[in-house]
Amino acid sequence: MTTTLSETTTPAGREHDPPDRPRRLAHRAGPADRVFRGVSRAGGLAVLLIMCLVGGFLLYRGWEALHVAGWSFFTTEEWAPEGGDFGIAAVLTGTLLIASVAIGIAVPLAIGTALYISEYAPGRLRRLLVNLVDLMAAVPSVVYGLWGAFLMEGSVLGVARWMSTWLGWLPPFAVEGVDPNDPLASETVYTRSTLLAGLVVAMMVTPIASSVMREVFSQAPVGEREGAYALGATRWGMIRAVVLPFGKGGMIGGTMLGLGRALGETIGVVMTISLVYEIQPHILQAGASSISALIANRYGDASPFAVSALMAAGLALFVLTLIVNLIASTIIARSRSGATGDA
Amino acid sequence: MTRELILPENAATSLVDEAETVTPTVPSASDERPRRRIGTARRGDAFAVSAAAAAAVGVGVLLFGYLTPFTGTLGFVVVTYLAFLGCYTLLVSLDDPGPAIRDRIASVAVHSLGFLVLAALIVVVVYTFIEGAGALPHLNFLTEDMSVTGPLDPLSGGGILHAAIGTLEQMAISLAVTVPLGIVCAVYLSEVKGGLTRFVRTIVEAMTALPSIVAGLFVFAAVVLVLDFGKSGFAASLAISVMMLPIIIRAADVVLRLVPQTLREASLTLGASQWRTVWHVVLPTARSGLTTSVILGAARGVGETSPVLLTAGFTKTLNIDPFSGPQVSLPLATYEFTRSPEPSMVARGFGTAATLMALVLILFVVARLIGGRGAGQLSPGQSRRRARSSRRDHRRFTSRAAPMKRPEETHVP
């Protein structure tokens, strides 16, 4: 240490001195520090272990059922594990349908809310609105389920009848076994449908997607905003030219994050659909299916093999949400926000 | 000589001038010319909006009441809104060019989407409380369980004491598991940083989307079936913990990363070890944010139904021991009550949901009151306490410095 110092400071030593290298910073941690690091590392590893245990255990227990069913697990619509005839074709389709209805409703709402909060709302109101959207994410799903099952069911009925009457030529909106011209037709074919479940799930997804989008929108650079205004843009022109292109990553990421939540939502779906074990492509018709509702309805099945089959279904759902969520977090981190990336 | 005399005079007058000019000239200047308004709202806009709204309501009433056989509140709202958009476009297009029309319409659309979401939230919350008002006024609702009450009994008997106790115990156990583990893991992610940090963070982020039913299924298969623990409050709290852990870790990680790096460096420069830096600087600075993240995690955990559905079992009687026997919680009780076709049971379900909602609201408001401030910003009480301890330190230093002066003074002569 002292020798290098004297060498660099003396003018004579400068010529044959090697070029400046960064000083080697050796840091010897004390015993307390070492204990601290060990404990926190153990905490991190414990969390990692728990998380991997969930996936590993699902795979381990579901393997038996997957092994028995083979590839037909993905093509069978029935769910009768005792008879060896079970698969997730119906429930997986149902899950995706409910999630897409939810995303279809939630994304416009989320973009509108996020734009309103970040661009239109006056300063004082903004904080209140951010808090309200956060509160919306904290409302228990069972409360949304009650809202859907008891309040919205009646209103959705009319909408569903109207849509099936006028848009019935589109395959998803068709309803079988009903004559739109018959005024006395029973309306029960429209109840407890994929649409209702999607509406309930949309209420849970909107705040999640909206808060991601709002964060990204509000990080659109001020210079470019003012540049757009200086060129004579209206507010909407500025939003289209600056905020939306800048927030594209956040919008996609927020949507995917919402999709991940929508795929796994359970109790709101269980309370609003009547579960059927067949592919139900008509979103307005009574009867829908979802993996989470399947597990919630059938976990009481006593036989270990049935539980193993449910585990396999849960594993499929888990893998699906994991992929969606990883893509979402990658997109959000890559968008110019930097809110979630390593600073 | 004269110059030297004049200069100070000038200086003095200029000083006086400055002192005088600063205050009075500014208002006088603003008196001459009115301040320019920089807001974008014009008076005509309000007229256009209100006129379009009036016209739209008129069109809606005409269509639904007189001209066509349309019915339904929802249809009325939708038709009126479309009529409003049309009328507004027409009115704006009378005196504005194309881009301005698009701007106005986009503004109206964004406003209405935002208010639609808010209205939906308010409807959900208010509806729960209105429906719950049937059961909540009965005192026995919060002091009795359902052990002797059948589905046909009136609301004056039976209650949700068993569910409330269950929720409290399960949350206590979950918090006892998740708070230390979550904060230690967050400290690991933001302070210690090893080769695994990025991996752990990715896994934690992925786990925030873990479907709650899968968490429940995991605990059901691992703890209830394999370890043969039986359905119990403890199994339910483990399932809730699995759900809460990633939420708390992520929120706490964000909060810890907001602590200014300069504070850490200042502490390390003073010779503190890393452990002392974290314990005395980082964690106290982020205290309000950490509390908020824990409370928000708890608010999410309180409302989890599906993991509890699989792991807690169902009982109508009060079970104080979370380690043996089924134990019901508020969301689960809500779910089970509302599955019944009996109106009194459904009313109990809504009462339970209202109680749960109130609990979540309280937790949320408390979290916001505590965590409204960013890292390092102090509440009035905290800054008073800091000021007091700083004055104390100052007195201590001066009292120590005083005897030091005397030997120096004596030394000088």
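Cβ coordinates are placed from backbone N, Cα and C, and glycine is handled just like the others.
A TrEMBL annotation is a machine prediction, not a hand-curated record.
As recorded in TrEMBL:
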COMPBIAS  B:383-398  compositional bias 'Basic residues'
DOMAIN    B:164-371  domain 'ABC transmembrane type-1'
REGION    B:375-413  region 'Disordered'
TRANSMEM  B:46-67  transmembrane segment
TRANSMEM  B:73-94  transmembrane segment
TRANSMEM  B:106-130  transmembrane segment
TRANSMEM  B:171-190  transmembrane segment
TRANSMEM  B:202-227  transmembrane segment
TRANSMEM  B:233-256  transmembrane segment
TRANSMEM  B:349-370  transmembrane segment
Spatial neighbours of the transmembrane segment (B:46-67) far in sequence, C-beta under 8 Å, 6+ residues away: 75-76, 79-81, 83-84, 86-88, 90-92, 104, 108
Considering the transmembrane segment (B:73-94), which listed stretch of B:106-130, B:171-190, B:202-227, B:233-256, B:349-370 counts the most C-beta pairs under 8 Å: B:106-130
Positions on the same chain near the transmembrane segment (B:233-256), where near means CB under 8 A and six or more residues out: 166, 169-171, 173-174, 177-179, 181-183, 185-187, 189-191, 201, 204-205, 207-208, 210, 212, 215-216, 218-220, 223-224, 282, 286, 289-290, 292-294, 296-298, 300-301, 304, 307-308, 310-312, 319, 321-323, 327, 329, 375
Positions on the same chain near the transmembrane segment (B:106-130), where near means CB under 8 A and six or more residues out: 49, 81, 85, 88, 350, 353-354, 357, 361
